[in-house]
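As written in Swiss-Prot, here are the features:
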BINDING   19, 20, 21, 22, 23, 24, 136, 137, 138, 139  GTP binding site
DOMAIN    7-189  domain 'tr-type G'
């Protein structure tokens, strides 16, 4: 395969809100360029994970190389990166954007600009992308291309008079998109003679080949048989195979500047492939690394514990493999008195957490218990040190803490104006502070500052239900602020259960304590003695529920006779119950853990 001249290469990604049709557009582009035969074509070619097909969302960024004979008579090579649209996978998006020079901004002509469209466009503009707006679903009766054009100009602030109007589903005007790519996006720059500099965009684990890495070549050339070096870790490897995705893997002799492809180098240690690292040649290394992208900082932490303690090592191994494939996921070992050995894991958000849990159970057959998600707090101690708190159970006594800071976010919510009232009420209930409120046509855009702790549990679900699914939501971290926070411990039979403790603002502590106690009362099975369920802040109990004892009629065998006979039996039973209360262990079923942690 000879090298394509730089002027004939276009690297682009597709950015859009969830469900605006970017994976379908990717399918049509692949079809139009004849990369797959009609028999191999299926819907959402690039969403290769079973989970992606099922939920209809893109989780992993995928890449494919297409050849397109344009109207000007030249044959172009197009490298497409399909990116996720959901806020929790923003890290995947930033990686794909770093590897491209331009983007297609897909907007649903019947729905208009959504919050995540906005967030991703700003990321693309930060990466100095040329952006081509595309209006999708123009075949729908509800499509209003003119209104959406005006909206793109007002809200996003990029000219949309030459936006390409298409329908990805029916294939209308796909040619127009390909022409716009070739005409309007810049060609990559690079020098084939310079030392090799390649950005490591992604890596994953293949059962046969070991670790495979996806790179975007900036300068230099990479061929089979080279010895490569990772600039961050200094690890060196012998390249067994270089190739491209057409979407199927196809090996090539070499990759030159501006191209995207994969390397297989028998990499066995997962830790050596840091996404965002620069790959260079061992014998003629580049002087400095490429600017990667900022490492992702986990926002939500939760504990994952194997139900069967023997699966602990298997869980460690599986998490390592997932970490390779998803660089925004972090984990460290921890132990819990109630649940045994497990891991404290960091995620970018709740959907991310759910997807990782689902992938662990599907791809690695693990049965797991997850504890309540919590955010990272900063504790300023009385001795002047600052500590991070990932797990509510580790919070020291209040006397040792000077103050606690909690993370805040800046949330952008876009919603039809008829649902604005309930949305604003929800935000203020969650201690939100309104920053801005603007109207574009019949839609409102509200910008709020909210404590992340209030958003973690079920904010997104509540937002969707009060707006009948119309509201869209996106957020960025917005620093830390001092707050009046307390740890609520849950005691069952006067024993604290560490996996159920959580941190809450003092104003809502009592209400949350009551609701968890009430839930546990319904979920913990009755014993032969009374069980007290309490919520406490320090030593002060703020809520209590009691589960009644199962009654056993010990006097059933007495017919008539003296009362002292019955009294003797009842006293004996009383004595036994007292002893049970002292030594009896209350088993909390797994379903109780899960249900208690879902906040209403």
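Including glycine, each Cβ sits where the backbone N, Cα and C put it.
If you average pLDDT over the domain 'tr-type G' (7-189) in this model, you get 73. For the binding-site residues listed here (23, 136), the lowest count of other CB atoms within 10 A around the CB belongs to 23. Using a 10 Å radius centred on the Cβ of residue 138 (GTP binding site) and all shown protein chains, the other Cβ atoms total 20. Over all protein chains present, the Cβ of residue 19 (GTP binding site) has 14 other Cβ atoms lying within 10 Å. Classification of residue 19 (GTP binding site) by DSSP places it in coil, neither helical nor stranded. The GTP-binding residues named in the record, 19, 20, 21, 22, 23, 24, 136, 137, 138, 139, extend over a maximum Cα to Cα distance of 17 Å. Note on residue 21 (GTP binding site): other Cβ atoms within 10 Å of its Cβ, all shown chains, come to 23. Reduced to three states, the DSSP call for residue 138 (GTP binding site) is coil.
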